[in-house]
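For reference, the structure is listed below as structure tokens.
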Amino acid sequence: FLPIPYSDDTVKMIILTSENKKHDFYTLDTIKKHNELKESIIKHQVAFITHGFTSSATAEHFLAVAEALLDKGNYLVIMIDWRVAACTNEIAGVKLAYYNYAVSNTRLVGNYIATVTKMLVQKYNVPMANIRLIGHSLGAHISGFAGKKVQELGLGKYSEIIGLDPAGPSFKSQECSQRICETDANYVQIIHTSNHLGTERTLGTVDFYMNNGKNQPGCGLPIIGETCSHTRAVKYFTECIRHECCLIGVPQSKNPQPVSKCTRNECVCVGLNAKTYPKTGSFYVPVESKAPYCNNKGKKI
């Protein structure tokens, strides 16, 4: 059995606002005929959410991210569903054998997002400063490729790309042009949670290493709990959007300072407001094993 060849028709979009939460799927052609889109975009920030290998836009943890954004009331969320090209529909026993096939589709899906972005900018006058991309695993690299493509198209840079535990296999040794990179947007935020499915390599403007970027609390033994750790990046980010917790990043060092001594000029809160902090670089983030994952006794900076 061979995976279905990639085409733009194999990628679907779900368009959500706080007023419209129906999980209707759109293609590139049908979105152009979506008459309500213009009015929706004018009023909102735009966030693309992109899943990874063998997943889908309707996976529970991605819908939770969308819901958290919509609860803020000022977002239009475009969920990219590339499940066919991500081998989600393949027979369970052979999915892993098709990983490289999914990898080869990442740039194509990134170009697809860039095409949608071009339509938003040129047809609906959406400023690039109003658009942020959020991607998990392979979806993080897809977001990076979209960031490269919109620059090639002369559209400028996205406001921000947030990479949720970018996939390590096939990417960790690649140069900037072949993976998500700090130049792909005005601000690139990376949340590291696993060192096998993800990567410990610094990739962004800021790199947050949750529990040192591996073996997340509550996920069990190393290797066995790797999938749990890999997905935990999405859950941490969702909690940060909800503001139930400020996950504070401390500058990485051999002996990182206690969170209790953090100031706004030295440390950074993970999430949508990270780019409002002056510090960039790599940060260690202590976390707990259960939601909301805080390990700072409610401290905010």
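Cβ coordinates come from backbone N, Cα and C, glycine included.
If you look up Swiss-Prot, you'll see Ser137 marked as active site, nucleophile, on the strength of similarity to another entry. Annotation note: Ser137 (active site, nucleophile) sits in a coil segment as assigned by DSSP.
A 10 Å cutoff on Cβ-Cβ distances gives Asp165 (active site, charge relay system) a total of 31 other Cβ atoms nearby, all chains included. Taken from Swiss-Prot, the feature active site, charge relay system covers Asp165 (among others).
Mapped onto three states, the DSSP output places His230 (active site, charge relay system) in helix. Residues near His230 (active site, charge relay system) in space but far in sequence (CB under 8 A, at least 6 apart, same chain), listed by position: Ser137, Asp165, Thr193, Ser194, Leu197, Gly198. Look at Swiss-Prot and you will find His230 (among others) tagged as active site, charge relay system, backed by sequence analysis.
For Cys87-Cys294 (among others), the entry in Swiss-Prot reads disulfide bond, with the evidence type a curator's inference. Under the three-state DSSP scheme, Cys87 (disulfide bond) falls in the coil class. If you draw a 10 Å sphere around the CB of Cys87 (disulfide bond), it holds 23 other CB atoms from the protein chains shown.
Residues or ranges marked as disulfide bond by Swiss-Prot on the basis of a curator's inference: Cys176-Cys245 (among others). For Cys245 (disulfide bond), the Cβ neighbour count at a 10 Å cut-off comes to 22, with all displayed protein chains included. According to DSSP, Cys245 (disulfide bond) is assigned to coil rather than to any helix or strand.
Look at Cys262 (disulfide bond): DSSP puts it in coil. What Swiss-Prot lists as disulfide bond is Cys181-Cys262 (among others), and the listing cites a curator's inference.
According to its DSSP assignment, Cys219 (disulfide bond) is coil. Sequence-distant neighbours of Cys219 (disulfide bond) (same chain, 6+ apart, CB under 8 A from its CB) are Gly225, Glu226, Cys228, Ser229, Arg232. If you look up Swiss-Prot, you'll see Cys219-Cys228 (among others) marked as disulfide bond, on the strength of a curator's inference.
A sphere of 10 angstroms centred on the C-beta of Cys240 (disulfide bond) encloses 23 other C-beta atoms. The DSSP secondary structure for Cys240 (disulfide bond) is helix. According to Swiss-Prot, the disulfide bond annotation covers Cys240-Cys246 (among others).
Counting only residues at least six positions away in the same chain, the Cβ atoms of Cys240, Cys246, Leu247, Ile248, Gly249, Tyr277, Lys300, Ile301 sit under 8 Å from the Cβ of Cys269 (disulfide bond). Taken from Swiss-Prot, the feature disulfide bond covers Cys267-Cys269 (among others), and the record attributes it to a curator's inference.
When the Cα of Cys181 (disulfide bond) is compared against those of the disulfide-bonded residues Cys87, Cys245, Cys267, Cys294, the shortest separation belongs to Cys267.
Neighbours of Cys246 (disulfide bond), defined as other CB atoms within 10 A of its CB across all chains, total 21.
Listed in sequence order, Ile248, Val250, Lys299, Ile301 are the same-chain residues at least 6 apart in sequence whose CB falls under 8 Å from the CB of Cys262 (disulfide bond). Comparing Cα positions, Cys294 (disulfide bond) lies closest to Cys245 out of the disulfide-bonded residues Cys176, Cys245, Cys267. Between the alpha carbons (Cα) of Cys87 (disulfide bond) and Cys176 (disulfide bond) lies a span of roughly 25 Å.
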